Amino acid sequence: MSVPADAPVLTADAMRAAEAACVAAGTTLAELMERAGAAVADTAWRMAAGAPILILCGPGNNGGDGYVAARRLAERGAAVRVAALTDPATELARAARAAWTGAVEAIDAVPSGAPLIVDALFGVGLSRPIADDLAAVLRRLSGRVLAVDVPSGIDSDGGADWMPPLVADVTLALGALKPAHVLLPTARSCGRVLLAPIGISADRAMRTLPRAPSQVPGPAMHKFSRGMVLVFGGPMRGAAGLAAAAALRAGAGYVVLDGSESATLLAIIAESDEKFGERLGDPRVGAVVIGPGFPAGEELLFAVEAALDSGKPLVLDAAAIDAALPRLSETPRKAILTPHEGEFARAFPGAYGSKIDRAKAAATRTQAVVVYKGADTIIAAPDGRVAAAWPGSPWLATAGTGDVLAGACGAMLARGGDAFDAAVAAVGWHIARAAHIGPGLVADDLIRD
Ligand SMILES: NC(=O)C1=CN([C@@H]2O[C@H](COP(=O)(O)OP(=O)(O)OC[C@H]3O[C@@H](n4cnc5c(N)ncnc54)[C@H](O)[C@@H]3O)[C@@H](O)[C@H]2O)[C@H](O)CC1
Ligand SMILES: [K+]
C-alpha cells in the first residue's frame, strides 16, 4: 500500500468544482474522460503485460472511463472483454460506450474473472453501498484488480465505512486523490494508489505528505538558533525522556528536560529544581512540550496554564490537551496538539464526519494545528490546510512512539516558521525513521543514532 507524495486530495464536491473550472477554461468533459480513459488504458496495459483484460463498466462516468480504456486497449491489440452492469446513464458514458465497437456482456454472466480486472463500476458518484447481489457477483471474480478512481463500493469522501467487494491491487486516482485513498478502513482496499493528471487544477489545501526534507543545519546555525526546546517532565520519567531525546534527534540545538534528575541522552540538560515557570521566561526557548508522561492533575494544569501565559509555541500531548482546551483559542499562538484516537474522542466528543472533517473542526475550534494520530494520521491547520500521512509506518504501533512524535514536533516548532509545516515535518521525520528501523522497532530505537 502506498500513495504518491505531496499529491492533492479532493472531496467529490471539490472534484466536481475543479472539473467545472476546467470546462469553463475550455476543456470539454469528453476530453477529460478521454484523458482519464487513456491513463486507465496505459496502466492496464502495463499491468496485464499481454494477458487478457476484463473491464467492468458501471452506469456513470466511471463506467465511461472504462469504455474509453477498452477502446484504446483494443486499438493497441490487447485482448479485452467488457461487461456492463446496466446501460449507461450519462451522455458521456453513452458516447464512450458507442465508440467501443466490441461486445458488451452482462456482468452477472461473467464466469470467473481474468488475469486483470479493471473496476470501472463506480467512482465518486456512488451514493449508497453496492447492492448485495452485485457484491456477490464481484466477490466471485478472481484476478489482479485495477480500480478506476476508487475501488467500487466505497464512499470516496471517506465518511462511510462501506467496503468494496473487489480489493484493488492498484488504484488509479483521476485528477486528484480522494479522502478514501488515505483514510481507514478504505485505504487498505486501494493497494498502490497512482495519480493520473488529467488537466484538473487541484487546489493545494489537502495533500499527502511531502517527501521528508533533509534537515542539514545552515552554516551560520548555532545550538540556540537551531531551536531550544523545553520539555515539562512528568512523573513518568521514561515518556518525557523519550520526548526530550526525540527533540534533540529531530534537530533541536538545545533541550531542557525540566523536573528530572537525569535524561536518556547526556546532551539533554536535565533540571530537577522545578523552575519550569522561570524557564518559560527564557527568550531562547522556541517551543515547550507538555504532556508526555504527565497524567491529569493539579501539577499538569499549573504547567499548562503557565505555558499558555508565556505565549511560547506549544506542543500539547495526552492530558495536556484537555487541560489547555478551555483557553487555547483565546489568544492566537503557535500550537500543535497530538491526540491519538481516544484522546481525540475525549477532547472533541461532538466531532462528526470523516477523520479529515473531524480534524479540521478540531483545528478550527482550538485555533491550533491538530495531529490526529493513527495509521491514517491527519494533520489539520486552522486555516484549512490538511496533510494525510497514510500509510505511515506499521512499526510505529508500539508504546512510546507518541512521546517521540511530541518531542519531534517541539524540535520542528522551535526552529521557527509555520506550525503546520512544523507538524508535517515532524510526522514525516517520525515515519521515515520508523521505516528505516523496521521490524522489532521499540520507541527507544527512534532516538538512538
Ligand atoms: N471529476 C473528474 O474530473 C472526472 C471524473 N470522471 C469519472 O467520473 C466519475 C464520476 O462519475 P459519476 O457519473 O458522477 O458517478 P459514478 O460513475 O461514480 O457512478 C454514479 C452512477 O451510479 C449510480 N449509483 C450510485 N450508487 C449506486 C449503487 N449503490 N448501486 C447502483 N447504482 C448506483 C448513480 O445513479 C450514477 O448513475 C469519477 O469517479 C471518474 O471516474 C471523468 O470521466 C474524468 C474526469
Ligand atoms: K471504480
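Cβ coordinates come from backbone N, Cα and C, glycine included.
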TrEMBL has Asn62, Ser152 binding K(+). Which one of Asp87, Asp108, Asp119, Asp132 is in the same site? Asp119
Please state which member of Asp42, Asp149 TrEMBL lists alongside Asn61, Asn62, Gly63, Gly64, Asp65, Gly123, Val124, Gly125, Leu126, Ser127, Arg128, Pro129 for binding (6S)-NADPHX. Asp149
Sequence-ordered binding-site residues from Val124, Leu126, Arg128, Ser152 with Cβ under 6 Å of an atom of ligand 2: Ser152
Beyond the listed site residues Asn62, Asp119, Ser152, identify every same-chain residue whose Cβ lies within 8 Å of the center of their Cβ atoms for the K(+) site. Leu56, Gly58, Gly63, Gly66, Ala120, Leu121, Phe122, Gly123, Ala147, Val148, Asp149, Val150, Pro151, Gly153, Leu166
Return only the integer: C-alpha distance in Å from Ser152 (K(+) binding site) to Arg128 ((6S)-NADPHX binding site). 11
Filtered by Cβ distance under 6 Å to ligand 1, the binding-site residues Asp119, Leu126, Ser152 reduce to Leu126
If you draw a 10 Å sphere around the Cβ of Asp119 (K(+) binding site), how many other Cβ atoms fall inside it, taking every protein chain shown into account? 30
Restricting attention to the domain 'YjeF C-terminal' (206-449), give the mean pLDDT. 91
Drop a 10 Å sphere on every Cβ of the binding-site residues Asp65, Asp149 and tell me which sphere holds the fewest other Cβ atoms. Asp149
